[in-house]
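**Student:** I'd like to ask some things about the structure below.
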Amino acid sequence: MLYYLYLLKDFFFPFNVFRYITFRAFYAALTSLLIVLIFGDRFIRFLKRLNFIENISKYLKETHSQKSGTPSMGGILILISMLFSTILWANITNRFIIYLLSLTLYLGIVGIYDDWTKLKKGDGIRPLLKLILQAIPCIIIGALLVKFPVKQGYGSITSIPFFKNLFINFGYLYLPFIIILVIGMTNAVNLTDGLDGLAIGLSLIMAIAMGIVAYFVGNVKIANYLKILYIENTGEIVVFISAFLGASLGFLWFNCYPAQVFMGDTGSLMIGGIFGLISVILKQEILFLIISGAFIIETISVILQVSSFKLRKKRIFLMAPIHHHFQRKGIPETKIVVRFWIIGIIFAILGLSTLKIR
């Protein structure tokens, strides 16, 4: 909303600053950060009063017994603060912001319902129903992006890292590709959310990298210099990502070891989904898979574990996702988390380097 103050620049020229993405991005991050820090403790007490306490899996009793009594559904705090900050600082008539706000709210509601059913009934939404609920917005938004492409003739293409102006045209397979990517990333973050600060820390790293990509793609001079696809109006996504960064940094304050609150599916489903969609809007899906490499590793470990047990009746890891394998080997939780953050930083740097190495 504050974006429109720039229209008053003829009456008071300092209002012109609201035109600038970098200015609004900074304050979007600061706004959401302060909201979480100010209201975090009260919100955690509120969750405890409602008895929204995380149910510790029987498989994790040995290593996670100290987490008993910790409230879940903390993702609501991320959701509310980033939505408020985005609406306050972004251009809410921008079609990409509308898509992202819609998906954020939708997946947040799905996550809230899933968490609520887990906490109150002992089991969440049935897997098939959850997949269907996740697919619905992907189909709608994906179809809109294909029908009304970000750039004429670019409706079903994706950029290839390391090469100048090289694209893959998926044709009719692009919509299924979008659905698989967004749903896959949604569940990848969900699988990673198993240790204090792990998923939210990796999400922060991923968000910083994708924020840089969004700024480059939305800036015609930088895009032309780097020989990457320029997409008009995508720079506004930086404001949205900044709102997420502030909210997530504030949440990490309460989620770092020992966690005072877990974000639950409310946060994890939303995070994976919105960044999957951002990569689709920017036409940087493959680059995004590199940047989110730590989440991919976690997901692959689960796929390998399940496949091996079904086919060979043997487990590859002591427990999956792989962060639990390292826990079972006696490595302290904080060391595992920090090492995964380092891995996340390596993947982010590798991904960003492809923008220049062409």
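Residue 1 is the first one shown; counting continues down the chain.
Here the Cβ of each residue, glycine as well, is placed from N, Cα and C on the backbone.
Below are the features listed in TrEMBL for this protein:
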- 20-40: transmembrane segment (TRANSMEM)
- 71-90: transmembrane segment (TRANSMEM)
- 96-116: transmembrane segment (TRANSMEM)
- 128-146: transmembrane segment (TRANSMEM)
- 166-185: transmembrane segment (TRANSMEM)
- N190, D265: Mg(2+) binding site (BINDING)
- 197-217: transmembrane segment (TRANSMEM)
- 237-254: transmembrane segment (TRANSMEM)
- 261-282: transmembrane segment (TRANSMEM)
- 288-309: transmembrane segment (TRANSMEM)
- 336-355: transmembrane segment (TRANSMEM)
**Student:** Using a cut-off of under 8 Å between C-beta atoms, tell me which stretch among 20-40, 71-90, 197-217, 261-282, 288-309 contacts the transmembrane segment (336-355) the most.
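**Tutor:** By the under-8 Å Cβ criterion, the transmembrane segment (336-355) pairs most with 197-217.
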**Student:** With CB pairs under 8 Å as the measure, which of the listed stretches 20-40, 71-90, 128-146, 166-185, 237-254 comes out on top against the transmembrane segment (261-282)?
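**Tutor:** Highest pair count goes to 71-90.
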**Student:** What else in the chain is close to the transmembrane segment (128-146), if you only count residues 6 or more beyond its ends and a Cβ gap under 8 Å?
**Tutor:** 99, 102-103, 106-107, 110, 114, 155-156, 174-175, 178-179, 182-183, 186, 269, 273, 277, 280-281
**Student:** Look up D265 (Mg(2+) binding site) in the DSSP assignment and reduce it to helix, strand or coil.
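**Tutor:** Where D265 (Mg(2+) binding site) sits, the three-state DSSP reduction gives helix.
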**Student:** Out of N190, D265, give me whichever of these binding-site residues has the highest number of other Cβ atoms within 10 Å.
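**Tutor:** When each Cβ's neighbours within 10 Å are tallied, D265 leads.
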**Student:** With Cβ-Cβ distances below 8 Å as the criterion, list the same-chain residues six or more beyond the ends of the transmembrane segment (197-217) that contact it, or say none.
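**Tutor:** 21, 25, 189, 223, 226, 228-231, 234-235, 237-238, 241-242, 244-245, 248-249, 251-252, 255-257, 259, 263, 267-268, 271, 275, 278-279, 282-284, 287-288, 291-292, 294-295, 323, 336-337, 340-341, 344-345, 348, 351-352, 355.
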**Student:** Most CB pairs under 8 Å with the transmembrane segment (20-40): which of 96-116, 166-185, 237-254?
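**Tutor:** Most contacts with the transmembrane segment (20-40): 237-254.
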